[in-house]
């Protein structure tokens, strides 16, 4: 952490100076957002009740941060963690791997691929993964509490169509950019050309291997 | 006739009779209790919440634990501990000052936190609990107001369970000279003015600034905890040492 200075004064005493308390600040914001999500999707609380008061410790390797997560008193509590002591379940992985856990089916696959270390009760990690992957907030319903049913539905439909248009434009832009790079500017090649190039490479490679074998055989005859 | 010389201690920068300090500190907190939370947010720009989060993060508190929040005041730490220990745990909010306890109890009741919290008016030097009673003891911004700190630390050690830990969150000595000077200017010039404007009490906030300067620095407090019997004592400077979080275990 750039904002944290860690000073070891001697073997039995460690002094950590945390000036801006940044990890705590960020975690308090995340905690607030998650607790808002809990309010907006009542099913989430029910799912997390299975792991009530159990401690999940998550080590984010590339951020060098360890976070503890507890669902207690119908709220999520997030704190920094010094170690995995007292954890009911501990996960250690890079942030990309943790994001991949949005799909609960990936959990065991990621463990097998050695991308994720898990100690303790697997069920706790699975429950959290399942709960957040199935997060379903009824936005029109939530909006209607503030602006009324009609406008909420209109706004929701408008935003949905905006989202669809946005993804359509993004897709179109990507296609245009690809064709510009391949056909107009000729700075990249077409995937088929790449495949053809690979095939040619493989043929040359096998021919080189055959020549190498023949040279070795001839060398053996000469040196005898 | 020879009179026994009266023992003295400090009350901010003043030297007072040891027996008088507790009541003088009590007067300060009776005076500020109603505006305590608002002033905390104002004085620390809200950072006291992050210092307290760090204390909870370091406490290792979990389901079923028995926790004593000493000098718990308006119950910020107790509120979180109460949620984390669950129905099978217990939190005691202890404070020597009845006004602070009253404000704390009202606040926690309004938050719907009932059932696993006890409120006890107590003196940290003579804690009214059996030996080995608590898994975690915290004292946040309270130790500097205690008359005999060594006695209080020994008392805390006595009532901790083996394996339990004490966390002392307290103002301390800034690590850098520049920060120290800026902090001094803030404490002695702006703080009493803010106290006057918000709580109509500049003297209490002058005492706050003075008592912080008279409080033992990081290494001295660590040595005091070691002397009281705590093991693996460490401290963590927060916000450049303006506040330090000391942690010690009983084995």
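Each residue, glycine too, has its Cβ placed from N, Cα and C.
For the S-adenosyl-L-methionine site, TrEMBL gives B:74, B:123, B:124; the one candidate out of B:27, B:95, B:135 that the record lists there too is B:95. With the fewest other Cβ atoms inside 10 Å of its Cβ, the least crowded of the binding-site residues B:74, B:123 in this structure is B:123. Look at residue B:74 (S-adenosyl-L-methionine binding site): DSSP puts it in coil.
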